[in-house]
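Encoded as structure tokens, the structure appears first; notes follow it.
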């Protein structure tokens, strides 16, 4: 909680842009509602994840309410870097105020221009911003002008338009305003489970001189490498693939038992709420448990029951 981390002003802040200049594909854990919190970020960082995002935070609530700040944003001094805080916002000054609050503790902010959920779009957040390039420019410019630290990154995450010219135009306008990099989810707002348009990400990449991150349906390290070759993207961002296998970036085909043990240790140390602790294990064990085992494991209702089960069945 911010209340608990005020002393971290001197924390180990890093420049995320250094990652993009390393010559390696940057491996990124996506912003996931409920899931990409500190404990899970700590886990994936142990398994070759280079850069982590927080879950999306509504900037207006965050600025207005100390309660929202304490529940939405937690970090620590040493291991949780580089860290990007993702905000939903629709007003430049509100985004700026939110960025100012987190800037001593994080390495950059990301503006969500890709969330297709109805509530977000209805509120003027998320993917509806891809149709408002001037507003996106204004928000990026405000943060750039008001945060003193030149190493603090300002990025955006978008979905693509049906007419790709509009996506390229949006990206070029954002680049002209000083955006650090752009993450492109290769689907339109209407598309959910349709194949990802990696060719569209490639066209965006070829039209820009800042780093581009590819996002969508990357489930293994080989997928990440293939998408990098297909698109030329400088980084890959993964959501569900990391939920199913937090050790994915380290080259594991399925979650190793060591990773499950690490999650138990980290979650207990962080006081992770039971539901979150259990859900992560359900995702991680999806590929390594039988239907019968799932039926038993998924209805366990206490931490001690989960620990007993893991000990009895896996020696964890």
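Every residue gets a Cβ built from N, Cα and C, even glycine.
Here is what TrEMBL says about this protein:
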type     : residues                      : note
ACT_SITE : 115                           : active site, proton donor
BINDING  : 31, 32, 33, 86, 185, 239, 240 : FMN binding site
DOMAIN   : 29-293                        : domain 'DUS-like FMN-binding'
Looking at the recorded positions 32, 33, 115, which one has the fewest other Cβ atoms within 10 Å of its own Cβ?
33
Among 185, 240, the one of these binding-site residues whose Cβ has the fewest neighbouring Cβ atoms within 10 Å:
240
Can you count the other CB atoms that lie within 10 A of the CB of residue 31 (FMN binding site)?
25
Taking the Cβ of residue 239 (FMN binding site) as reference, which residues of that chain separated by at least 6 in sequence fall under 8 Å from it?
30, 32, 215
Using a Cβ-Cβ cut-off under 8 angstroms and a sequence gap of six or more, which residues of the chain neighbour residue 86 (FMN binding site)?
31, 53, 54, 55, 56, 57, 109, 110, 111, 112, 157
Sorry to bug you, but what's the C-alpha spacing from the residue listed as 'active site, proton donor' to residue 185 (FMN binding site), rounded to the closest Å?
10
Looking only at 31, 32, 33, 86, 185, 239, 240, the residues listed as binding FMN, what is the longest Cα to Cα distance in Å?
17
Determine, to the nearest whole angstrom, how far the Cα atom of residue 33 (FMN binding site) is from the Cα atom of the residue listed as 'active site, proton donor'.
11
